[in-house]
Ligand code: SF4
């Protein structure tokens, strides 16, 4: 049985856990996962999903057990079948390939990723050169870059900003992947601006609210924690960033784990305070399992440190809502589960 989170003032100096909030599922992940679940209920198995619907092993395995089939590309999907595009988004070329196979697509691209796609299209239509800050090879970056490949140059890191060759046309703008480290991205922009003083900012932040909020929360707990555990998969950009941000913010050590089974007892040597958080694609059950393990190791006192409250929810993809309505099922995100078992601030 886990201890209930307590007020910070009650700490007696003994072993404890500082539990970051917000953590776990964001609105875009919630929507994407519910979209696959509802598609399976409505159309029956198999429903195909291009790439991992969200970057979390547990989520992918659970949906596979329910009948979802994950594929790398559209040509692995039988003609006419249902195909869900993942939360990370796809390029126009992928949409065209799906249409050519007469696939019935459900677009679970996070609306905050779609916003970046639209910015890319708009700037490209103004003949701008776009510096897209993001990780080469990440699905989101491939999708956004695919909107205007002749106009977009990917900037992978602050170091790349020092050397990248682009024509400074005077119409140069930066955009970014939604799940980056806020601080590192600002450093990349700073270095780019040294070389390209005309560089324009995007009209609004591209790093999404969920990524920013989780980084703020982990920064709050990290200075007091000798060890920070981040629950999240290795290919989850925002989860990996959380471990890096924790170290930058003063944690003595930070480890990312997929689940409680990956926690190493050697990490607890000399540790009084453990910080715990999870990435935006991580179901709360995985955090609760780590809390149970920590309680078993003597870290039963849990203080939840809340730096923001989140209540954003996105409507399900349009085509799915239409079909749910036609079938008399609820077209809302009724199965939506917020990630936080939350204690009031
Ligand atoms: S992390 Fe941000 S951009 Fe990605 S799915 Fe969640 S809300 Fe959308």
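From the backbone N, Cα and C atoms, a Cβ is placed for every residue, glycine too.
Record features, source TrEMBL:
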{"type": "BINDING", "residues": "26, 110, 208", "note": "[4Fe-4S] cluster binding site"}
{"type": "BINDING", "residues": "55, 88, 138, 236, 237, 238, 281", "note": "isopentenyl diphosphate binding site"}
{"type": "BINDING", "residues": "55, 88, 138, 236, 237, 238, 281", "note": "dimethylallyl diphosphate binding site"}
{"type": "BINDING", "residues": "55, 88, 138, 178, 236, 237, 238, 281", "note": "(2E)-4-hydroxy-3-methylbut-2-enyl diphosphate binding site"}
{"type": "ACT_SITE", "residues": "140", "note": "active site, proton donor"}
{"type": "REGION", "residues": "325-345", "note": "region 'Disordered'"}
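Between the farthest pair of Cα atoms in the isopentenyl diphosphate binding residues (55, 88, 138, 236, 237, 238, 281), the distance is 15 Å.
In this structure, 178 are the recorded positions from 140, 178, 281 whose C-beta falls under 6 Å of some atom of ligand 1.
Rounded to a whole number, the distance between the Cα atoms of residue 88 (isopentenyl diphosphate binding site) and residue 110 ([4Fe-4S] cluster binding site) is 7 Å. Here the Cα atom of residue 208 ([4Fe-4S] cluster binding site) is found 12 Å from that of residue 88 (isopentenyl diphosphate binding site). Taking a C-beta cut-off of under 8 angstroms and a sequence separation of 6 or more, residue 138 (isopentenyl diphosphate binding site) has the following same-chain neighbours: 88, 177, 237. Summary of the isopentenyl diphosphate site environment: with the site residues 55, 88, 138, 236, 237, 238, 281 set aside, the chain residues having Cβ atoms within 8 Å of the Cβ mean position are 54, 140, 179, 233, 235, 239, 279, 280. Within 10 Å of residue 178 ((2E)-4-hydroxy-3-methylbut-2-enyl diphosphate binding site), judged by CA to CA distance, lie the following recorded positions from the set 55, 140, 236, 281: 140. Cβ contacts within 10 Å of residue 55 (isopentenyl diphosphate binding site), excluding its own Cβ and spanning all protein chains shown: 29. You'll find the Cα of residue 236 (isopentenyl diphosphate binding site) roughly 11 Å from the Cα of residue 140 (active site, proton donor). Of all the recorded positions given, namely 140, 238, 281, those whose Cα is no farther than the 10 Å limit from the Cα of residue 26 ([4Fe-4S] cluster binding site) are 281.
Inclusion criterion for the binding-site residues 55, 238, 281: a C-alpha placed within 10 angstroms of the C-alpha of residue 140 (active site, proton donor); this criterion is met by none of them. Here residue 238 (isopentenyl diphosphate binding site) comes close to 179, 210, 211, 214, 232, 279, 280, 281: these same-chain residues lie at least six apart in sequence, with C-beta atoms under 8 angstroms from its C-beta. Take the mean position of the Cβ atoms of 26, 110, 208, the recorded [4Fe-4S] cluster site; other residues of that chain with a Cβ within 8 Å of it are 27, 28, 29, 87, 112, 113, 178, 179, 209, 210, 211, 280. Ranking the binding-site residues 88, 178, 237, 281 by the number of CB atoms within 10 A of their own CB puts 281 at the top.
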